[in-house]
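J.: Supplied in structure tokens, the structure appears directly below.
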Amino acid sequence: MKLAYWMYAGPAHIGTLRVASSFKNVHAIMHAPLGDDYFNVMRSMLERERDFTPVTASIVDRHVLARGSQEKVVDNIFRKDKQERPNLIVLTPTCTSSILQEDLQNFVDRASTISNSDVILADVNHYRVNELQAADRTLEQIVRYYLDKARRQGTLQLSLTDKPSANIIGIFTLGFHNQHDCRELKRLLKDLGIAINQVIPEGGFVENLNQLPKAWFNLVPYREVGLMAAKYLEKEFGMSYISTTPMGVVDIANCIRQMEEQINKRFISLSNKKLNYEPYIDEQTRFISQAAWFSRSIDCQNLTGKKAVVFGDATHAASITKILACEMGIRVSCAGTYCKHDEEWFKEQVQNFCDEILVTDDHTEVGDMIARIEPSAIFGTQMERHIGKRLDIPRGVISSPVHIQNFTLGYRPFLGYEGTNQVADLVYNSFTLGMEDHLLEIFGGHDTKEVITKSLSTNSDLTWNSESQLELSKIPGFVRGKIKRNTEKFARQNGIVDITIETMYAAKEALNA
């Protein structure tokens, strides 16, 4: 836990609430002070949900601080049980309840005796894990709870489906383009003749979790959420899982081949049939996805050798890095992630596709890295979008955390073959092509005064006089930001406070020396 005005991943209870509110007919209760219930508003706004978010705050007020919760939490659980009649109520601790050392498990045990709903306490340590880790742990806990319950009641379904089927694990609310990706994955599996057994947690019912073992394999598209549940299912029921993210034509093909391998293992034991998905991969790559064709076009070749910076969660940052380097010929100067708990896997994935790797959850380190490298484009989160705007560097958003403009109403998947087209469009449109930007300025498309005053560093120590500002405004926009930063760097190194035209020429000579 730390005090910060920007966090890439939120506190643990947000992850628990995201998983709980993704299931159908599941209610979450958090024991927290007034103000921590911002999740309800955030989810309703970003996901544009028509229904109320199924989350209730059991408020920690001055009375609770004075004499403890007593019956308050239990009463809230019982009230929601009677009003909503959910299948499951999840009580999530918060930093406040941990500081107060409230015995939440005791509240859950007491509420279970008087409620018709199942009641569990989210088993997450708020001082040790972040939002994504807590979401992964909560999903695994709910899956384990209901499979254990089904085993005790004799309702666990272990017989495989007659035809190949898969569980999709890890699609949940407020995920980056998760709803679109889910639709694309369903279409991909349908094309391959693979039925969907369960999609969890988004839109799933906890009462149907006893059917999870019926699938032939599990598909985990994002490492951040779903991996723990998949590993549990593999350990307890021998269910194989595929965690290769089907993003980009190369990894989509790899993912499909892994599905083929899993299905053929079952087919060989049941019959002499054997699947071959290579014709499908070839057709989709050559005729459905435009990305492979685009990568050979003159438009994409114009991007060859340009520098880019990639930063985001481990899944998206690793996939975009490989797409840029392998499929589009763009040099990735730095690839980074804020998922410090997955550092080893991330480095293994990107080490051969970028110049340097940055693993940090401190946005100032990311900003300093971008200012130092001065890339042609940035692909990151909402924070990197802000950084790019300040530095006048083109940018595209490829990972959470994001703002509402990335919860698009239109169909914008990142996974699957349609996703390759969306990613290619995002990459190409994010780069500023020199002539385009220059023409925009000629015809008054830019406010040049705004452009030349944006910088990541503070402007208080340096002053540009009117002549130097006029000279700077004559420079084409696609290189103006870089020249401005180089001039300011030269001025600071030489103790110059007032930047003149002579300073600009001196900086140019020093750079070319």
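Count begins at 1; order follows the chain as displayed.
Note that Cβ sites are derived from N, Cα and C of the backbone, with glycine treated the same way.
When I checked TrEMBL for this same protein, it listed these features:
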| type | residues | note |
| --- | --- | --- |
| ACT_SITE | Asp299 | active site, proton donor |
| BINDING | Asp36 | [4Fe-4S] cluster binding site |
| BINDING | Gly434, Met435 | substrate binding site |
| DOMAIN | 12-431 | domain 'Nitrogenase/oxidoreductase component 1' |
J.: I'd like to know which of the recorded positions Asp36, Asp299 has the most other Cβ atoms within 10 Å of its Cβ.
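T.: Most Cβ neighbours within 10 Å: Asp36.
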J.: Using Cα coordinates, what distance in whole Å links Asp299 (active site, proton donor) and Asp36 ([4Fe-4S] cluster binding site)?
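T.: Rounded to the nearest whole number, the Cα-Cα distance is 48 Å.
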J.: Just to confirm my parser: what is the rounded mean pLDDT across the domain 'Nitrogenase/oxidoreductase component 1' (12-431)?
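T.: Looking only at the domain 'Nitrogenase/oxidoreductase component 1' (12-431), pLDDT averages out to 91.
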